[in-house]
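**Q** Relevant sequence annotations retrieved from Swiss-Prot are reproduced here:
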type	residues	note
ACT_SITE	145	active site, proton acceptor
BINDING	29, 30, 31, 32, 33, 34, 35, 36, 37, 52	ATP binding site
DOMAIN	23-306	domain 'Protein kinase'
MOD_RES	33	phosphothreonine
MOD_RES	34	phosphotyrosine
């Protein structure tokens with residue numbers, strides 16, 4: 001077994017030409033820090049797949065930690081609302097991750113729609129996100145980078161959480177993690193304020209931001225810097241106070257300042273007038289300042305907003 005195989009608990013292919021040649025690359029789907037994602041076809045089955053080519057020159061060991069993390073996590077979790085890792089190939093100095101192919105992500109779906117998601121469609125998407133996330137959290141996985149571009153959507157609005165490169169397994173007590181995670185607009189306030197002992201609640205904040213974005217057709221908190229992001233949040237939810245009913249303990253966070261402007265906030269019903277009472281209630285519980293009071297994915301699935309769901 002290779003080093004990567006030992007780390008992921010799976011025997012990997014090690015440069016066998018026939019294994020690599022099984023996949024015919026068609027076109028580029030995207031490019032990131034560690035490599036390129038292609039649309040490809042499995043010659044053996046005719047199945048369209050997503051082939052992520054990872055460069056192996058980013059660490060002393062050769063394999064980027066984000067790639068190791070993604071492989072090891074996806075080997076542990078299998079769920080209809082989590083993207084399926086089909087194969088792993090290590091060949092020619094590169095690591096290839098073969099995923100099921102889904103032709104849209106939620107960001108593209110929003111752009112194509114040109115407006116908000118409503119009714120059963122919105123409810124189905126949020127429910128599936130919570131199903132996938134609840135499964136992750138039960139298996140002690142915090143995704144840490146939930147955003148529309150990392151959520152795949154099929155033509156029938158089936159949702160699959162993808163891109164686990166930043167994900168970490170969590171234990172109790174919580175480990176100290178870097179706060180440089182999660183795309184700014186979906187980043188939880190405790191991370192923005194320098195908290196390093198964070199919990200799965202950071203994912204629930206991100207889900208709340210995504211929920212609001214789908215419901216209004218545009219980003220809820222659109223900051224252009226960390227402080228700008230905080231102020232965007234404060235203007236909607238009010239500047240948090242270190243007190244019961246707001247965010248007890250917030251003033252002890254490393255980047256909290258007493259001189260923050262004091263905004264009173266505005267009702268979520270005003271920000272999202274198309275949502276009914278149950279939907280606003282669920283969203284408000286996802287966007288609680290205090291992570292200890294933020295609703296969990298498991299509890300959110302039992303919320304009254306889903307009581308009439310027929311999916």
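Note that Cβ sites are derived from N, Cα and C of the backbone, with glycine treated the same way.
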**Q** How many neighbouring Cβ atoms, not counting its own, are there within 10 Å of the Cβ of the residue listed as 'active site, proton acceptor'?
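**A** The Cβ of the residue listed as 'active site, proton acceptor' has 20 Cβ neighbours within 10 Å.
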**Q** Would you count the other C-beta atoms found within 10 angstroms of the C-beta of residue 29 (ATP binding site) for me?
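**A** For residue 29 (ATP binding site), the count of other Cβ atoms within 10 Å is 16.
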**Q** Over the domain 'Protein kinase' (23-306), what does the predicted model average in pLDDT?
**A** 88
**Q** Run through the Cβ atoms and count how many others sit within 10 Å of the one on residue 37 (ATP binding site).
**A** 18
**Q** Three-state secondary structure of the residue listed as 'active site, proton acceptor' from DSSP?
**A** coil
**Q** Would you say which of the binding-site residues 31, 35 has the most Cβ atoms within 10 Å of its own Cβ?
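**A** Result of the Cβ crowding comparison: 35.
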